[in-house]
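Per Swiss-Prot, the features are as follows:
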type	residues	note
ACT_SITE	Ser149	active site, charge relay system
ACT_SITE	Asp226	active site, charge relay system
ACT_SITE	His260	active site, charge relay system
MOD_RES	Lys4	N6-succinyllysine
MOD_RES	Lys200	N6-acetyllysine
Amino acid sequence: MELKQISSNKCFGGLQKVFEHSSVELKCKMKFAIYLPPQAESAKCPALYWLSGLTCTEQNFISKSGCQQAASEHGLVVIAPDTSPRGCNIKGEDDSWDFGTGAGFFVNATEDPWNTNYRMYSYVTEELPQLINANFPVDPQRISIFGHSMGGHGALICALKNPGKYRSVSAFAPICNPVLCPWGKKAFNGYLGPDQSKWKAYDATCLVKSYSGPQIDILIDQGKDDEFLSNGQLLPDNFIAACTEKKIPVVFRLQEGYDHSYYFIATFITDHIRHHAKYLNA
């Protein structure tokens, strides 16, 4: 699998790089960002995958979150893929900001015309890790995942659908119960069709109820002044209730005065990287 380097910038002793490759799953060219800490020059490091939110590319997280300082300190390789296939020339892919381009929702679409390209779930859990493991100094046994909003949803479902694959999971303002919120209903109806029983396979709150894997410790930060919390897009209470019932440990922190933006993410990113480092470096 050929990788084309798009950029490389020294940052906190390591290198922040962006690559492009031709994706088999998505049948298009895809970019991903990867931060290689200084420790990666001499040893295989754990890998931490970040999934971004609606409208984002691979750039938002690496330029706005300030993740590199903590990643350098803890010796973590941080990988940030794009949020959807790009340039597939599907009718309607650019019609709205919350569906199609920049809004893959980390599902494998089953509905025509999306099912050929929109396979972000398999891309993130299978194709991309294989590519990373083959080309970079990462330890394939030590991986974790986190994300924001739509990507927080993605991180939670990837961890819950693959017991034991990820050492830890965390999220900022995740879409916790997409089968019940407007964003989720729109995306799932488009990608997965009208049969709502299929939607549950990609809903963290539904997945928790049937989870039977090894214990997984979940960290969630949520801004109290997040407009998408107040208008019912995120529904964290439903997820927490399901976790409590299943005795799955969740640290849920409602952060006074914070919104849905990268200013919020940047404030708490070090806490999240520390959370993952605790499990990845154990």
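The first residue you see is number 1, and the count goes up from there.
Placed from the backbone N, Cα and C atoms, the Cβ positions cover glycine too.
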(message) Of the recorded positions Lys4, Ser149, Lys200, His260, which one has its Cα closest to the Cα of Asp226 (active site, charge relay system)?
(response) His260
(message) Within a 10 Å radius around the Cβ, which one of these recorded positions has the most neighbouring Cβ atoms: Lys4, Lys200, His260?
(response) His260
(message) With Cβ-Cβ distance below 8 Å and at least 6 positions apart along the chain, what are the contacts of Ser149 (active site, charge relay system)? List them in sequence order.
(response) Gly53, Leu54, Phe172, Ala173, Pro174, Ile175, Phe228, Leu234, His260
(message) Cα-Cα, whole number of Å: Lys4 (N6-succinyllysine) versus Lys200 (N6-acetyllysine)?
(response) 37
(message) What's the number of neighbouring CB atoms sitting within 10 A of the CB on Asp226 (active site, charge relay system)?
(response) 22
(request) Return one of helix, strand or coil for the residue listed as 'N6-succinyllysine', based on DSSP. (result) strand
